[in-house]
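Novice: Straight out of Swiss-Prot:
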{"type": "ACT_SITE", "residues": "270", "note": "active site, proton acceptor"}
{"type": "BINDING", "residues": "232", "note": "S-adenosyl-L-methionine binding site"}
């Protein structure tokens, strides 16, 4: 009887623990927007960069409030302290309490802030956070349910135009978007140039949809013999700074692509439908000189669902594409191979992967 009672108590305890865990997870999901919005506010206030300047000592909320020109420093410090406690609870920051008499909390950067504060090249993922939490980017989510029931694209329902058409109408948002892509590209390309050797021997390169040219500039810095073209829509390249080894060319990739030994497609295919991608890849096929290649950099969905970080990143991106771009989606490696073959290529091979992105090559 005693053993039976003990087993029952253990089962009850286990059940209670599972229920507590499930409740906590449900609460986290219900309030899921709080953390990213607080991170956005911290970035807007430059708090992470200010804490970084404090080095190992970090900074207190009162020290930070004194540096942001707040009209009421004491009230600002109290509010800053409250949002920094949330960031510390989520391991974005670390926190320690000063010795008496002050007993103030001091905050330092946790490991993740390596990517949320500017690196030696001035790049970080902070602009990406500002983009994803921007009002323009947030509004389409309120239309997702409607387009599932009634059809259409959430972004177009919100603004009446395709996302890339909207950029040309809203210079402020276009700049926010370009800054996010520019910074993310620098971080990603720095890693890719360490592990991917496929640019060796290339004499000419076109970066299709290359934005303001961050990737092209980094490629030619490592491979100075490459003649590079940064190819994007005219309103995009207008924000591109000049570079002696990179030519900025405006155009429409669905009409034609400049000719080169290699064509680079980084985070482009996921913006478009299969039909658009076949057209783009066919244009790339026609533009490749000799035995050149197309280099695709994209997240890839797994054939079998799992909850690994690469999968979570890809599926999250897929749902963003669902909301923003008509026909846009993430794909499996098999789906990319099918598109490449349909465009005329003989084969597609996966070469390497980094930061949740696969590098694949299409060969004639």
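Note that Cβ sites are derived from N, Cα and C of the backbone, with glycine treated the same way.
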Novice: Helix, strand or coil: which one is residue 270 (active site, proton acceptor) in, per DSSP?
Specialist: helix
Novice: Let me check the 10 A CB neighbour count of residue 270 (active site, proton acceptor). How many other CB atoms are there?
Specialist: 19
Novice: With an 8 Å cut-off on Cβ-Cβ distance and a minimum sequence separation of at least 6, pull the same-chain contacts of residue 232 (S-adenosyl-L-methionine binding site), or say none.
Specialist: 208, 209, 210, 211, 248, 250
